[in-house]
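Below is one structure, written out as structure tokens; the observations come after it.
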Amino acid sequence: MTLLSTKSSIDAIRSAQRKGGHLLYVVPAVFLLTLLSAFPLFQLARMSFSDVGIKNITGVWTNVGFANFKAIASDPDFKQILINTLVFVGIVTFLGLILGFVAATAFNDAKKSSDFLLAFMVFIWALPPIVNGSVWKFLLGGDGLINVLLQKVSLISEPIPFLYDPKMALYSVAMVNCWAVIPFNALILKAAFKSVSKDVLEASEIDGVTPLQQIRYVYFPSSRPTLLVLAILTLVYGFRSFDFIYVMTYGGPGLATNTLPFLGYIKAFVLFDFSKGAAIALLSAIFTSGLALLYSRSVRKEEQND
Amino acid sequence: MTNAVKKGRKKSRGIVRRSAKTIFAFFYGMPIVWIILTSFKQETDVFSTQSSLFFSPTLSTYRKLLTSSLFESFTNSIIIATCATVITLLVSIPAGYALARFSNKTLGIGLTALIIFQMIPQTATIIPLFQIFNKLGMLDTLPSVILADAALLTPFAILLMRPFFRSIPVALVEASQIDGASSWQSFSKISLPLARNGIATTATLIWIISWGEFLYAVNLILSPNSYPMSAILAQQVGGFGIFWPGLMALSVLASLPVAILFIFTYRLLREGLTLGAVK
């Protein structure tokens with residue numbers, strides 16, 4: 001084969017591929033996702049504009065327009081739920097990132113102990129959330145280890161109602177969520193630190209920067225793209241999170257630990273008001289879709305830089 | 001800068017680093033130690049010896065737990081996790097391969113759609129899924145949970161595997177096709193073996209996630225007799241007057257498969273997550 005014909009056959013292959021030579025490969029995924037992701041979303045939207053309870057969930061739905069949304073918005077508790085969501089997601093994202101960065105920095109030496117500790121933390125991240133939630137419910141209980149230890153060292157005389165006090169419960173569950181996401185963030189950030197060039201590090205050491213300055217002026221800027229992506233991922237993780245709420249407080253006491261997505265679940269599966277549950281779920285889905293667009297833009301930017 | 005200053009800094013950095021590591025070790029080690037300890041305690045000992053490492057250990061909780069019904073739910077968990085993993089992989093491997101090679105507008109739309117599906121809260125998707133499986137008469141069956149898990153994890157799997165396929169040089173695939181390989185042959189003989197690390201990483205993570213998934217399970221399966229392990233845990237921890245040694249022993253049993261899998265795949269996961277998560 002001559003060079004020319006090789007080139008033209010490459011061109012032929014390339015253009016065939018661009019024209020959709022690979023289209024067949026995506027058919028199974030498109031089929032599955034249309035049936036079990038896109039269609040359910042459509043049903044969710046339809047449900048949120050109808051009146052659906054446990055009796056007519058498989059029957060006929062009557063259209064009620066925006067009635068469900070209006071009812072939700074005029075519910076006096078709704079504002080509280082939005083504030084809960086904001087506080088919860090804020091704590092998980094902010095502390096999850098900062099402490100993930102701290103952990104990645106602490107583990108950023110060539111020691112075996114660091115590798116082992118990080119591996120152990122990632123193992124805990126991989127455990128079923130229900131296991132992690134159960135043990136923290138145990139540890140934070142009135143007779144739990146944390147309260148017993150604090151009483152032993154006489155820091156407190158009465159046990160702290162970590163999960164029973166309406167104000168404290170939200171912070172407690174948010175902190176446990178944070179705890180659960182730190183290992184992942186630390187793992188990713190530690191890998192990002194590896195891309196900092198040895199020359200830059202050596203130069204900064206010769207210039208006599210302090211360790212804190214090195215973090216501030218070398219590690220932080222070089223891991224900024226990673227931090228941005230992690231920030232969106234952690235935000236979404238915090239917003240979607242239901243397992244720890246489910247296990248530790250089930251949204252209580254009262255509505256104290258209900259976030260927006262969790263409230264949708266409670267409305268549908270505890271109060272059997274599927275249409276209001278669907279309306280709240282739809283609002284949650286719209287919110288995450290916005291974040292998804294943001295995320296997809298920043299990832300595509302990264303890819304173009306390759 | 002004098003060497004003394006440098007040495008001093010190095011030393012203080014070591015102290016800060018060591019104390020940070022100790023704090024992390026405490027907060028991640030302690031819960032695991034307490035799960036294991038409590039699972040070997042008598043119920044009466046749980047709170048009286050709460051902060052103590054010393055108590056008379058007993059296997060009675062495990063003995064009480066290890067019944068045929070627990071074995072059944074353990075089997076259900078294995079079935080759900082394994083079937084969900086197989087279905088997800090069958091669907092996502094070719095899709096991840098194709099999306100790694102596309103380069104046009106459709107790609108952008110496809111990727112964005114995947115990310116949107118991936119990010120929608122599970123608490124939102126369970127509402128229509130319950131209705132749909134109800135209408136299909138599939139409630140209270142394992143396939144409903146398996147399909148729901150597969151739909152939940154397919155976008156994640158495609159996005160995680162795509163970078164592995166992208167890292168395969170295009171020239172390699174093209175060369176095989178010039179040599180007369182069909183599109184399918186160059187996919188199955190060239191690309192698939194080269195992306196095996198990505199596939200293994202993805203398979204492990206999907207298996208682990210569907211093993212622990214409980215929201216779909218507790219809502220799509222109506223009779224607790226057919227619950228998987230995760231759903232049994234969810235049911236127990238939600239009740240009043242929790243029997244802590246029992247819950248902790250269940251937690252240990254539910255974590256064992258993850259632990260075994262993790263030991264063999266950590267290196268793979270570490271590489272795979274850092275490549276797939278951020279790209």
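Cβ coordinates are placed from backbone N, Cα and C, and glycine is handled just like the others.
Keep in mind it's a predicted model, so treat the numbers as computed, not measured.
Feature annotation from TrEMBL assigns transmembrane segment to A:23-42, A:81-104, A:116-139, A:168-189, A:226-248, A:268-295. According to TrEMBL, the feature domain 'ABC transmembrane type-1' maps to A:82-295.
Sequence-distant contacts of the transmembrane segment (A:226-248) (same chain, six or more residues past either end, CB-CB distance under 8 Å): 85, 88-89, 91-93, 96-97, 100-101, 129-130, 132-134, 136-137, 140, 163, 172-174, 176-177, 180-181, 185, 188-189, 192, 220, 257-262, 265, 284, 287-288, 291-292, 294-295, 298-299, 302.
Long-range contacts of the transmembrane segment (A:81-104) within its own chain (CB-CB distance under 8 A, at least 6 residues past either end) are made by residues 118, 121, 170-171, 173-175, 177-178, 181-190, 192-193, 227, 230-231, 234-235, 237-239, 241, 255-260, 263. Only sequence-distant pairs (6 or more apart) were considered; of these, fewer than three Cβ pairs between the transmembrane segment (A:116-139) and the transmembrane segment (A:23-42) are under 8 A, so the stretches are not in contact. The list of residues near the transmembrane segment (A:168-189) in space but at least 6 beyond its ends in sequence, with Cβ under 8 angstroms from a Cβ of it, reads 84, 87-88, 91-92, 95-97, 99-101, 103-104, 107, 118, 121-122, 124-125, 129, 132-133, 136, 140, 160-162, 223, 226-227, 230, 234, 237-238, 241, 244-245, 248-249, 252-253, 256-257.
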